[in-house]
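One structure below.
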Amino acid sequence: MTEPRAWFLAGTDTEIGKTFVACALLHAARRDGRSALGMKPVAAGAEWIAGEWLNEDAAQLRAASSFDPGLDRLNPYCLKTPVAPHIAAAEEGVEIDPARIRAAFESLRAQADVVIVEGVGGFRVPLGDRYDTADLARELGLPVILVVGMRLGCISHALLTVEAIAARGLTLAGWIANRIDPAMLRADENLEALRRRIDAPLLGVVPHVAGADPAQVAASLRLPG
């Protein structure tokens with residue numbers, strides 16, 4: 001096994017395709033002959049399936065991983081209600097413990113060449129009264145890959161997120177443009193504006209293809225380095 005490498009995958013917003021991109025990156029790593037595991041530290045919204053509470057994002061990451069490391073490590077906190085995690089956690093009487101997440105992450109990192117840790121929602125989503133996903137990325141000490149959902153308003157969202165990443169002392173390892181809105185006007189011009197303003201490599205552009213599979217899209221992406 002090569003030296004383990006891991007990244008924190010953040011997004012400019014919710015519903016911009018982070019999980020799809022995370023799965024594609026896992027497939028890209030596996031295509032290059034590396035073992036790869038996905039992780040969703042906190043997920044909100046789950047269904048009772050085959051005797052376990054299962055979040056859809058976590059299920060997709062598990063399917064794209066080289067092997068199943070167990071949901072207790074892949075998704076340490078699976079909250080049932082599809083609302084902001086700190087609200088769901090409070091309603092369910094759950095306190096999100098960063099130490100538990102870190103232990104699960106270290107277990108994954110010891111088992112694979114590549115670990116992709118997917119955040120929840122945008123970059124700064126509360127996980128408790130004084131703890132958010134940006135704090136989690138900093139605590140894990142991971143460089144960040146930013147997924148930009150290409151739609152109207154994405155330039156401001158992306159640049160503000162880039163500033164927030166830098167403000168936390170984190171490294172932006174690269175960014176990925178996800179064409180989530182096929183009707184977006186001047187999409188290429190928006191992409192070029194982002195390319196000129198983000199001081200990090202563009203790791204790929206995910207095309208908008210109905211019914212696309214992450215394994216197919218993997219060819220359009222690369223991991224940093």
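Placed from the backbone N, Cα and C atoms, the Cβ positions cover glycine too.
Swiss-Prot annotations:
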ACT_SITE  K40  active site
BINDING   15-20, D57, 118-121, 178-179, 207-209  ATP binding site
BINDING   T19, D57, E118  Mg(2+) binding site
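Where Swiss-Prot records a feature, it is marked here on the structure.
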residue: E15; record: ATP binding site; DSSP class: coil
residue: K40; record: active site; DSSP class: coil
residue: D57; record: ATP binding site; DSSP class: helix
residue: E118; record: Mg(2+) binding site; DSSP class: strand
residue: R179; record: ATP binding site; DSSP class: coil
residue: H208; record: ATP binding site; DSSP class: coil
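Sequence-distant contacts of R179 (ATP binding site), defined by Cβ-Cβ distance under 8 angstroms and a gap of at least six in the same chain, are M150, A187, V205, V206, P207, H208. Sorting the recorded positions K40, H208 by the number of other Cβ atoms within 10 Å puts K40 first. Sparsest Cβ environment among the binding-site residues E15, D57, E118 (other Cβ atoms counted within 10 Å): E15. Here G119 (ATP binding site) comes close to F8, L9, A10, G11, K18, P41, V125, T133, L136, A137: these same-chain residues lie at least six apart in sequence, with C-beta atoms under 8 angstroms from its C-beta.
Taking the mean position of the Cβ atoms of T19, D57, E118 as the Mg(2+) site, the remaining same-chain residues with a Cβ inside 8 Å of that point are L9, K18, A22, C23, G38, K40, A43, A58, Q60, L61. For G17 (ATP binding site), applying a Cβ distance below 8 Å and a minimum sequence separation of six or more within one chain yields G11, V147, G149, N178, I180, V206. Each of the binding-site residues T19, G121 was scored by the number of other CB atoms within 10 Å of its CB, and the largest score is that of T19.
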